[in-house]
């Protein structure tokens, strides 16, 4: 990312770039590039759902795509391998682990798209074709459907209108009973939503319990555990709610009528979702279109069978055939989502319990897949056997998870799923307004990248335990720790550890100088700095109370805060470079006895003789083989001006 930023902002070739293909992310953003991929790619695999998920920021990942788009204003396509994200950016992330077939398919796609783009008339004026969105999705990897978002909007609203017309007609037949029919439909609608809420709450409570007792990520190596635990719990809870409603609330109501009204209730939910998502401008609303149009068409085709008592074999077969396409696509999409998200939970920080996230996804897909089968609970005589079976599987799985039999991580050479740990041997110095060192320490800062922290590591390295948890230096930006990325919000500082260690003395220490201080108009002060040190450094800025950072010499000149309110800059250069010069401009109050800003600079020694200390080497050697531990030395200096 740093190299791509340097290239697109400084290299003489940058101005000649009209489009790019990024080989590590997900989803094109420009209509004409989508069309190029649709036409040219031999083995298409693409979805606007993935694009909107990545754009939402819920996946903690960043790629060169954002750099070229934001800093170079260049359109591009992302191509990525999503399989086996467990080894992403680890020592196991090697070319021999990528299937030959995958490389061939990727090569076929890249070459075909490149040839198409190179001969496209739109390439020379690519900026003119950037506007507008496209709905696109592949059908089981066989081909891609793509159409303009405006066409999708029209299709969505027409589909929703037809569905609402159907529901209105059902309510008004016969007219004298319209109010009663509406009341029954709304009751079924409310009961369906209530069953979803009850299911979500119940399963999230199970996930919270599993997290509290220290068994989070039990499914990380064994994904089937998550299905056996949370999937069965979700299905059982849904069936239980409707089984109780059938027994007590709908005690003497015709089964056929109930099956019919609950189908309509599900159709109503999907129709409302379709209208809302379309209004929000989400291209992913095409999924709702599938779940409205095809089930409605199925219902209209077999309406006679719906009127017959009970669920006959003929009715079930015809119903399943009608639902085949939406269910097949949803299963395909759910596989893709879990393939992407499950590995991400191993590097998503310590703030959000991963079990609750995964359980939430499983509940959502359970609700979606069950939406047009809820009516069968009311059509069949009994669901007791199904409920008992699901409950038994859930209880057995929960007992096994609580016992700790499912270890989260794996060092299997063929299919490793390691725990990620960052270790930074750090020397810190905190200076006051007069430049005096008021505090200094040295230690190895240990950062477990998942919710489990170091609980599984302590038995192997006993000195890494809860007695050395890292307190946050409240007065210092980023809690006084040398972050290499502004992701501190993903980690609770009760889940960081600081093991005391000797001071490090790098051969190329950092030098941080205030060159000048200049008064500017509007009560502003400009501070000019010079920094020299290693090739990679982090700068952290925190204006004091009453002060504000208004401008700086970096980027476009407009400072942007990180989450939490501090400012973060990552600086990298080649091996030979002049000292780094920059300035910051702050508005300041007339009285500022404690200074107007705190600046901290961290030096990261990623390679060379200063990379690892003897103590860091020794500690890394003791980590178990199911971990991927990355370590380097760094310094952190805080100054007040």
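Here the Cβ of each residue, glycine as well, is placed from N, Cα and C on the backbone.
What you see is a predicted model, and the numbers here were worked out from it, not measured in a lab.
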Of the ranges 272-294, 387-409, 410-432, which one does TrEMBL flag as transmembrane segment?
387-409
Per TrEMBL, the range holding transmembrane segment, considering 113-130, 131-148, 149-166, 167-184:
131-148
Given 68-92, 193-217, 443-467, 468-492, which one carries TrEMBL's transmembrane segment label?
193-217
Thinking of Cβ pairs under 8 Å, which stretch from 131-148, 193-217, 223-245, 315-338, 358-380 has the most of them with the transmembrane segment (387-409)?
223-245
By a Cβ-Cβ criterion of under 8 Å, what residues six or more beyond either terminus of the transmembrane segment (131-148) are in contact with it?
28, 31, 34-35, 37-38, 41, 43-49, 281, 283, 286, 328-329, 332
Selection from 223-245, 315-338, 358-380, the stretch that has most Cβ pairs under 8 A to the transmembrane segment (193-217):
223-245
What residues in the same chain, six or more past the boundaries of the transmembrane segment (223-245), come closer than 8 Å to it by Cβ-Cβ distance?
191, 194-196, 198-199, 202-203, 206-207, 210, 338, 342, 358-359, 362-363, 366-367, 370, 374, 377-378, 383-384, 386-387, 390-391, 393-394, 397-398, 401, 406
